């Protein structure tokens, strides 16, 4: 149905488009500024007061050279990658299992179990008692402290349950007749059919882990060698320690590069996610939708 | 004879209608039927007990003068002493005020924005443009809070981009904005808006797409313009989603994103930036004042639960939409 637009509608459409463009610019510009400044001449950057929209002076990658030789960043990067992979494995298995057991119609106490889990969303002991449990288990300053307390999230289990409930019963029945037990049914029959929801759980877990810092701060108080990337970023960006720059004493005017090194670190630590997320964006939409279905 | 039949019946299935007395039998029967399910539940139930239910027992610390040597059971009881100390302490009013003000400001600014954004985006007909806007507007959400706070710190430092901008407008010289207490609230709320706007709109965009298209056609026939269509069709169509999101949002009103505040604040702006959760962190994990800290934490989570139940009730009464 083609309908002639009224004058008011045309004005609205134009403003709407302009508004969207402005919004996009606002979303991008801080990162763009950082990216451009990180490859600029450091003296010019410190002299500029406004936004930097293109590299100032000679293009230089010195800041990246400094940050990529900074031990903290390398340790943090490898630890974070380890935590992401390990957490995804643990959380993946437990979420599928959790979703599976509370969706079994033959399991009489599934609703009780669901309530048992959902209650913890409503009420919890809080920061200090949780910390003391982790401490009493002697997990402080171990890698496990980063993985076990965050192993299960009720939200993930609800996502998996919703997906598993959508799988037709007849598939399971035919597998049972062929002699499959619960593990076989779960991993070989149901999981392949719930790939999309499983992907959502994995994505949320991976991104959350990549960006996590608070648990590391309270559970890894002294083990610098186990800290994730974000903790080193915190040292560098918030506490402004000169570690990274001091390590790079082969550069004569290292101190000058302090700001640029921060910028380069921001880019290096954020780039993986910014590159990946547009490709997996459709899954987020799915994840948010499933998450909103009430449990 | 009857007795044998009874036993046979018993072995065959669940006993209904006998309540708790039949529970051991029923669990036993269910276990026999679903051995592997019980095996799978084991690690999950253990995890929930250790990491969710045991800490609930830790709430006892709120009622005692906790001493690590004596443990939770052996420490001296002080009843509501910790609560009294908190309510009468010098920081109570400041903490309550900051938490409520930041939470409410964040709600007023951050809640309607994604809805308006989704409605405006819905009016855009160019598919490719729409997709691009969505991708770009989600981006800030994926920046970690550490990096975000790093950006804020840098932009607000004296000589930083924002600081210069503010200096230009107010003619006051480029100072470090994070050192001035009156600037903390706008910085916090606006940075949350920047980070959450696009991503927060996903759910509304999704529920907009499920609004019946025929309604619009009928409305056009009746001569309704865009604004009327929005008020009479679109908004009622996504109202349930809006209400659910509002309930969830209000229940976390007092949580405020304390990890961001921890990264951003410094003692010179405690006056506006210190909230209940950051105080819990400082008292408990930095000053080892476990009893007081647990009491404050318990107070906070009781209010959150109450808020959730109240909003849920109100919304169930007024609009037939509720979380449970």
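Cβ from N, Cα, C; glycine included.
Residues or ranges marked as transmembrane segment by TrEMBL: A:12-35 (among others).
Annotated domain 'ABC transmembrane type-1' per TrEMBL: A:77-269, in sequence order.
What TrEMBL records for A:80-100 (among others) is transmembrane segment.
Per TrEMBL, transmembrane segment is recorded for A:112-132 (among others).
The feature transmembrane segment is assigned by TrEMBL to A:144-164 (among others). Counting residues 6+ beyond its ends, the transmembrane segment (A:144-164) has Cβ neighbours under 8 Å at 83, 86-87, 90-91, 94-96, 98-100, 102-103, 114, 117-118, 120-121, 130, 134, 190, 194, 196-198, 200-201, 204-205, 209, 212, 215-216, 219-220, 226, 228, 287, 290-291, 293, 295 in the same chain.
Taking Cβ pairs closer than 8 Å, the transmembrane segment (A:185-207) reaches residues 84, 87-88, 91-92, 95-97, 100, 156, 159-160, 162-164, 166-167, 171-172, 175-176, 273, 277, 280, 283-284, 286-287, 290 in its own chain, all 6 or more past its ends. The transmembrane segment feature in TrEMBL is assigned to A:185-207 (among others).
TrEMBL lists A:260-280 (among others) with the feature transmembrane segment.
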Positions on the same chain near the transmembrane segment (A:112-132), where near means CB under 8 A and six or more residues out: 98, 101-102, 149, 154-155, 157, 161, 218-219, 295
Beyond the flanks of the transmembrane segment (A:80-100) by at least 6 residues, Cβ under 8 Å: 117, 143, 146-148, 150-153, 156-164, 182, 186-187, 190-191, 194, 198, 201-202, 205-206, 209-210, 212, 228-230
